[in-house]
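Written out below as structure tokens is the structure these notes cover.
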Amino acid sequence: MGSKGGFILLWLLSILAVLCHLGHSLQCYNCINPAGSCTTAMNCSHNQDACIFVEAVPPKTYYQCWRFDECNFDFISRNLAEKKLKYNCCRKDLCNKSDATISSGKTALLVILLLVATWHFCL
């Protein structure tokens, strides 16, 4: 295939990737302090690329769509007006179940740092 044919194929694949991405929005459970388990699901807006589950003290739970780059203790605590909490952010459909593993902010930061270091050394 000539360079023109390769360029056209790359262009078509790029358009297809964009169209496929536009057709799917993340789904998350969406409840605040449900009486039982949360079963209400919603489609997240285009700028919300994560689901979040929060357990706050005194007992209060949140299930929501969220922005992954805002998944940190300080932002969540300030935004939800909760001082003591555990949270889990995830990026798959309906992944914010109450039985999901809860990560503290420090654990999430450690995992991110290890991933960045591994990626850096592999390049």
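The backbone N, Cα and C atoms fix where each Cβ goes, glycine too.
The signal peptide annotation in Swiss-Prot covers 1-25.
Per Swiss-Prot, domain 'UPAR/Ly6' is recorded for 26-103.
Annotation source Swiss-Prot lists disulfide bond at CYS28-CYS51 (among others), citing similarity to another entry. Shown in sequence order, LEU26, CYS28, TYR29, CYS44, TYR63, GLN64, CYS65, TRP66, CYS89, CYS90, ARG91, LYS92, LEU94, CYS95, ASN96 are the residues of the chain, 6+ apart in sequence, with a C-beta less than 8 angstroms from the C-beta of CYS51 (disulfide bond). Secondary structure at CYS51 (disulfide bond), taken from DSSP and collapsed to helix, strand or coil, is strand.
Close to CYS38 (disulfide bond) in the fold, though at least 6 residues off in sequence, lie TYR29, ASN30, CYS31, THR61, TYR63, LYS97, SER98, each with a CB less than 8 Å from its CB. Summarising the annotation, Swiss-Prot assigns disulfide bond to CYS31-CYS38 (among others) and lists similarity to another entry as the type of evidence.
Taken from Swiss-Prot, the feature N-linked glycosylation site applies to ASN43, supported by sequence analysis. All protein chains considered, the CB of ASN43 (N-linked glycosylation site) has 14 other CB atoms within 10 Å.
Residues or ranges marked as disulfide bond by Swiss-Prot: CYS44-CYS65 (among others).
Secondary structure at CYS71 (disulfide bond), as computed by DSSP, is coil. Annotation comment: Swiss-Prot describes CYS71-CYS89 (among others) as disulfide bond.
Secondary structure at CYS90 (disulfide bond), taken from DSSP and collapsed to helix, strand or coil, is strand. Look at Swiss-Prot and you will find CYS90-CYS95 (among others) tagged as disulfide bond.
All protein chains included, SER98 (GPI-anchor amidated serine) registers 16 other Cβ atoms within 10 Å of its own Cβ. According to Swiss-Prot, the feature GPI-anchor amidated serine maps to SER98.
Model confidence over the domain 'UPAR/Ly6' (26-103) stands at 93, taken as the mean pLDDT rounded to a whole number. A simple Cβ count within 10 Å picks out one of the disulfide-bonded residues CYS28, CYS44, CYS90, CYS95 as the most packed, and that one is CYS28. Around the Cβ of CYS31 (disulfide bond), a 10 Å sphere holds 20 further Cβ atoms from the protein chains shown. In terms of DSSP secondary structure, the domain 'UPAR/Ly6' (26-103) contains 11 helix, 31 strand, 36 coil.
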